[in-house]
Amino acid sequence: MTDQVFGKVSKVVCVGAGYVGGPTCAMIAHKCPHVTVTVVDMNKDKIAEWNSDKLPIYEPGLDEIVFAARGRNLFFSSDIPKAIAEADLIFISVNTPTKMYGRGKGMAPDLKYVESVSRTIAQYAVGPKIVVEKSTVPVKAAESIGCILREAQKNNANLKFQVLSNPEFLAEGTAMKDLANPDRVLIGGESSTEGLQAVAELVRIYENWVPRERIITTNTWSSELSKLVANAFLAQRISSINSISAVCEATGAEISEVAHAVGFDTRIGNKFLKASVGFGGSCFQKDVLSLVYLCESLNLPQVAEYWQGVINVNNWQRRRFADKIIAELFNTVTDKKIAIFGFAFKKNTGDTRESSAIHVMKHLMEEHAKLSVYDPKVQKSQMINDLAAVTSADDVTRLVTVETDPYAAARGAHAIVVLTEWDEFVDLDYNKIHDNMQHPAAIFDGRLILDQKALREIGFRTFAIGTAPDQAYNLFGTAGY
Ligand SMILES: NC(=O)c1ccc[n+]([C@@H]2O[C@H](COP(=O)([O-])OP(=O)(O)OC[C@H]3O[C@@H](n4cnc5c(N)ncnc54)[C@H](O)[C@@H]3O)[C@@H](O)[C@H]2O)c1
Ligand SMILES: O=c1ccn([C@@H]2O[C@H](COP(=O)(O)OP(=O)(O)O[C@H]3O[C@H](CO)[C@@H](O)[C@H](O)[C@H]3O)[C@@H](O)[C@H]2O)c(=O)[nH]1
């Protein structure tokens, strides 16, 4: 019988206290009271926020779980060496953004943070460690981590490492629900005896709340690739329905009716078929580009081109929507006040990474529109920084104001543009809003959340993704665009 190299896990550490590390570890601490969970980060301010009354991220249900477990079996710390030395199992949950320099610029994920954590683990580890890749990485990234760790093993016989892949599938806005009740947990590892032991230890953690049949174990490379493929398939569905939204606008078919009819086929399914102003968020674009880059590197240009199409349609959809706004506002938005409802990349999050709002607003700013933005969860400084990064600080100062209520944002505006599907936008008093706008007043619904008929009865001109521009015909005798 082979010795057990990795003992029962009682101390878990997560490097990276972000959107994944924080919620995931809060859930592990909540579900495994016998395990001590420490989340570390090189960003001391962020750790201070995790230890304060106002957590650094907004996620429904997160506060309750953190406040109950913090100080009991959940800790946030910036003492990375100590945490690593004490851990039985270490999650690497650092960011892997698209590289913005050098080889693979704009395509490949930047793995410098993952490598840096691997070196820190190699430096401070004092005994056997299961190292778990939770960050989203390209296939074979575990090999690089393993190579760095094996080097440390050469100089210290007490060290033993196994690298597992355990990608995260939570979606922001529903992270706590997704973590509490995941469709599946995926764990990839080596088929060696030690590899199987390490996999079994991680399975044992998840088994505290996830039914065993939903915990899938595979080889390391299948696990790494499955994460990229899952995001690519999800993003592809959105680009598919968005491409059809343009056909609807040109024909009189309704995108929500088409999505409903098509999604009723159980083979297709009804989820992720909501036409929109384009997908945003920190993952879809980055991970599809990572897959494209991987395929190019593997000399598979046809596969790369196929997935690149998903990104191209998304960029086109954002541009198309902005062009539609300009066209329907009589081909000029110069100096016109336009209210922007929503800046986050989806509802129930304050995250703005790759939000379509940034891109649509950029296009409108290029036409010198005056934008007045309201979002219930995004800080003003975040909006200013995001927009300045794609335009200029001067343009933002000149063209953008940020309001703390939607009525103020819409007052005196020529149009309202809905870019995030916040529930509160559905229940606003649109009679009151209409009264205080310039006339004719228009609403562009990039999220298909508003009742177009009710708005038209109030007097709005309405334009929704995937809906034929019949008003444009009726009012102005043009086909819109
Ligand atoms: N955000 C999501 O919804 C989501 C979901 C699934 C998977 N992922 C993947 O998970 C990973 C993390 O994503 P995120 O959104 O949590 O990122 P994030 O930017 O919110 O958090 C990453 C954290 O890692 C810290 N960090 C970076 N290098 C470090 C180092 N060397 N030592 C200590 N701390 C370090 C950063 O300071 C930051 O706080 C990414 O690979 C992402 O693709 C994200
Ligand atoms: O039918 C839909 C569904 C989503 N979206 C948009 O797509 C983007 C992404 O949404 P969502 O997938 O819900 O949020 P993320 O937090 O980006 O989660 C995705 O990316 C994560 C990071 O990898 C994965 O873990 C999740 O499984 C995956 O859903 C957002 O802009 C949504 O508005 C649509 O336009 N139409």
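Cβ coordinates are placed from backbone N, Cα and C, and glycine is handled just like the others.
All TrEMBL annotations are machine predictions without curation.
Residue density at TYR19 (NAD(+) binding site): 23 other Cβ atoms are found within 10 A of its Cβ, drawing on all protein chains shown. Per TrEMBL, the feature NAD(+) binding site maps to 16-21, ASP41, LYS46, 94-98, 135-136, GLU172, 283-286, ARG353.
Under the heading substrate binding site, TrEMBL lists 168-172, 227-231, ARG267, 274-280, 345-346, ARG447. In this structure, LEU228 (substrate binding site) is part of a helix by DSSP. Annotation for LEU228 (substrate binding site): same-chain Cβ neighbours under 8 Å, separated by at least 6 residues, are THR136, PRO138, VAL139, ASP287, VAL288, SER290, LEU291, LEU294.
Residues annotated as active site, nucleophile in TrEMBL: CYS283. In the shown protein chains, 25 other C-beta atoms lie within 10 A of the C-beta of CYS283 (active site, nucleophile). In the three-state DSSP assignment, the secondary structure recorded for CYS283 (active site, nucleophile) is coil.
The feature domain 'UDP-glucose/GDP-mannose dehydrogenase C-terminal' is assigned by TrEMBL to 339-452.
For ASP41 (NAD(+) binding site), the same-chain residues 6+ apart in sequence whose C-beta sits under 8 angstroms from its C-beta are VAL15, GLY16, ALA17, GLY18, GLY21, ILE47, PHE76, SER78. Figure note: comparing Cβ neighbours within 10 Å for the binding-site residues ALA171, ALA275, the maximum is reached by ALA275. Nearest neighbour of GLU172 (NAD(+) binding site) by Cα distance, taken over the recorded positions ALA275, GLY278, CYS283: CYS283. Per-class residue totals from DSSP over the domain 'UDP-glucose/GDP-mannose dehydrogenase C-terminal' (339-452), listed helix then strand then coil: 44 helix, 19 strand, 51 coil.
Shown are the binding-site residues GLY16, GLY278; of these, the residue with the fewest other Cβ atoms within 10 Å is GLY16. Filtering ASN231, GLY278, PHE345 by Cβ distance to ligand 2 (under 6 A) retains the following binding-site residues: ASN231, PHE345. The two recorded residues, PHE345 (substrate binding site) and CYS283 (active site, nucleophile), show a Cα separation of 11 Å.
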